[in-house]
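Since the structure comes first, as structure tokens, the remarks are kept for the end.
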Amino acid sequence: MECCRRATPGTLLLFLAFLLLSSRTARSEEDRDGLWDAWGPWSECSRTCGGGASYSLRRCLSSKSCEGRNIRYRTCSNVDCPPEAGDFRAQQCSAHNDVKHHGQFYEWLPVSNDPDNPCSLKCQAKGTTLVVELAPKVLDGTRCYTESLDMCISGLCQIVGCDHQLGSTVKEDNCGVCNGDGSTCRLVRGQYKSQLSATKSDDTVVAIPYGSRHIRLVLKGPDHLYLETKTLQGAKGENSLSSTGTFLVDNSSVDFQKFPDKEILRMAGPLTADFIVKIRNSGSADSTVQFIFYQPIIHRWRETDFFPCSATCGGGYQLTSAECYDLRSNRVVADQYCHYYPENIKPKPKLQECNLDPCPASDGYKQIMPYDLYHPLPRWEATPWTACSSSCGGGIQSRAVSCVEEDIQGHVTSVEEWKCMYTPKMPIAQPCNIFDCPKWLAQEWSPCTVTCGQGLRYRVVLCIDHRGMHTGGCSPKTKPHIKEECIVPTPCYKPKEKLPVEAKLPWFKQAQELEEGAAVSEEPSFIPEAWSACTVTCGVGTQVRIVRCQVLLSFSQSVADLPVDECEGPKPASQRACYAGPCSGEIPEFNPDETDGLFGGLQDFDELYDWEYEGFTKCSESCGGGVQEAVVSCLNKQTREPAEENLCVTSRRPPQLLKSCNLDPCPARSSIDSAWNACKVLC
């Protein structure tokens, strides 16, 4: 293979030109820096606190001018000043208090945030509108603006980042962390509305904890805001906020503005105490307070050191854990404090091997391989889930979860939980049977049992499960009623004897079946069967039925009979009297006392028969509007058979009832109308 190639004349010229250009560039940079002497020492800081400026100088060694600057600056004394030190710009203004201005002494106050020339010393005479520029530039290190770290140096405003470096654009996040991501605090926003009360003169709007920032509250209404404070040392204070101004409350600056219809409270923070904002009711009208601030997350997870090794030799493991740390008190607290903040994510434990040296032969152990081959890691082990605490509607089932370790021989033993914390712990509880419980479902009401006056109406009520199927399990105590009174607004009239043309549906018989029906449920209850036929064909007899104590077995969906004493509540009657009408068409002498044992005194003879409307007569007209009259009959209430009218109480006979019918107009006499002819008679 050819290792070298002869250069062409063109290639050689290009290479020489490149070397010449590189040589000139390097020499020019060297000459430029060589024209300056070394930088001198840094000067004393312009301030002792609050952020000042220091400078360093260098000399130009050339007879001609040197490129670049002969001075450089840096920030210094970047520590907070004590509260009593005051504002640096205000100190410079007050230095002119003993110098006459136009022959007069003034007390000068600073004029800050001048948009045109923020680095000139402008001051205002106290109690006047006089504003004077007392110096063309402020001392180095003076803040350009009150809410900024930018500082004036040699009369020019220089950008300063939160890292206190000149020219830096790094800023604090809303939590006050330089170049932070906002994860160390949380935004709190809300609204409070006062309630007029004769017995309550004040109320708490919001509690703002220590370290909070960017607080703003706006009250709209006639009420008044005031502050209560509590320092970390337990000292309490109060500020009534009686007038507009800027106050220092427990070393925190408070800006308060009072207007006729509202109040505005601002605190830049960070607060040096816990602030409780309260409202004093004026009693004239309600007020609303809107508030917003950034609350520090004072409880944070902190990773611990590695726990002791699980073995002294032969290979073991060790883990880290996480503990909840209170940033205010600098102590470890219960984990629940860190769980309060959703932003807090507990770090996962770390696992590492340890003590991998073989155990000494004197210990009776053979040389073992690294633990991850023959010494399995501890693991979580769980017991089976318990039965669900509820059969429906959502319950809880639990289990025990423990950390276990298996040795080389396969023996499993329980160990401390921290050994398993390298993996998430299995849940010890979970929801179960979250489907809805069976519910009573009521059908529509039947028509009223009467056509006028007061009667009854009935409905079917079913127990429906979450699949929509008719089942048991509904509580009898919550079952909707199946019978209620109803009133038909139609007036009742005295009837005339006319033949019925319409038959009324036997609602009473249906209602009786609905009322006596009972569904078997998971609670033991009495379930009656249907009544037997009356023991006589006329006169007074008896009816019997079987009443069982039964329960629905949910797991097999079958019905089981229980002893009577397992069912609560009164047992329904298993025998009752019945009346099948008079014998041989005559009215017997009936003694209600004879049936007290059967009826239980619940009804007497008169209640076996009653008047009822059974339909209407034929319409009096076939068209053009007619009248129908209700037919009243005496009926046996049990058999629904017609009876002699003398068996019903005459005074209970309902009044006559009329209704209109055939309201359609009658058809024309002829399909083609023609003129009437002359009348056949004259008179």
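Along the chain as shown, residues are numbered 1 onward.
Quick reminder: no glycine exception, Cβ is built from N, Cα and C everywhere.
Listed in TrEMBL for this protein:
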{"type": "DISULFID", "residues": "Cys45-Cys76", "note": "disulfide bond"}
{"type": "DISULFID", "residues": "Cys49-Cys81", "note": "disulfide bond"}
{"type": "DISULFID", "residues": "Cys60-Cys66", "note": "disulfide bond"}
{"type": "DOMAIN", "residues": "103-185", "note": "domain 'ADAMTS/ADAMTS-like cysteine-rich'"}
{"type": "DOMAIN", "residues": "188-296", "note": "domain 'ADAMTS/ADAMTS-like Spacer 1'"}
{"type": "SIGNAL", "residues": "1-28", "note": "signal peptide"}
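Taking CA atoms as the reference points, Cys76 (disulfide bond) and Cys60 (disulfide bond) are 26 Å apart. Summarised as a single figure, the pLDDT of the domain 'ADAMTS/ADAMTS-like cysteine-rich' (103-185) averages 88. For Cys45 (disulfide bond), the nearest neighbour among the listed disulfide-bonded residues (Cys60, Cys66, Cys81), judged by C-alpha distance, is Cys81. Counting residues per DSSP class in helix, strand and coil order gives 0 helix, 27 strand, 56 coil for the domain 'ADAMTS/ADAMTS-like cysteine-rich' (103-185). Counting every protein chain shown, the Cβ of Cys45 (disulfide bond) has 19 other Cβ atoms within 10 Å. Cβ neighbour counts within 10 Å, taken over all protein chains shown, single out Cys76 as the most crowded of the disulfide-bonded residues Cys76, Cys81. Across the disulfide-bonded residues listed here (Cys49, Cys60, Cys66), the residue whose Cβ sits among the most other Cβ atoms within 10 Å is Cys66. On the backbone, the CA of Cys66 (disulfide bond) and the CA of Cys49 (disulfide bond) stand 35 Å apart. Calculated from their C-alpha atoms, the gap between Cys49 (disulfide bond) and Cys60 (disulfide bond) amounts to 33 Å. Counting only the Cα atoms, the space from Cys60 (disulfide bond) to Cys81 (disulfide bond) is about 38 angstrom.
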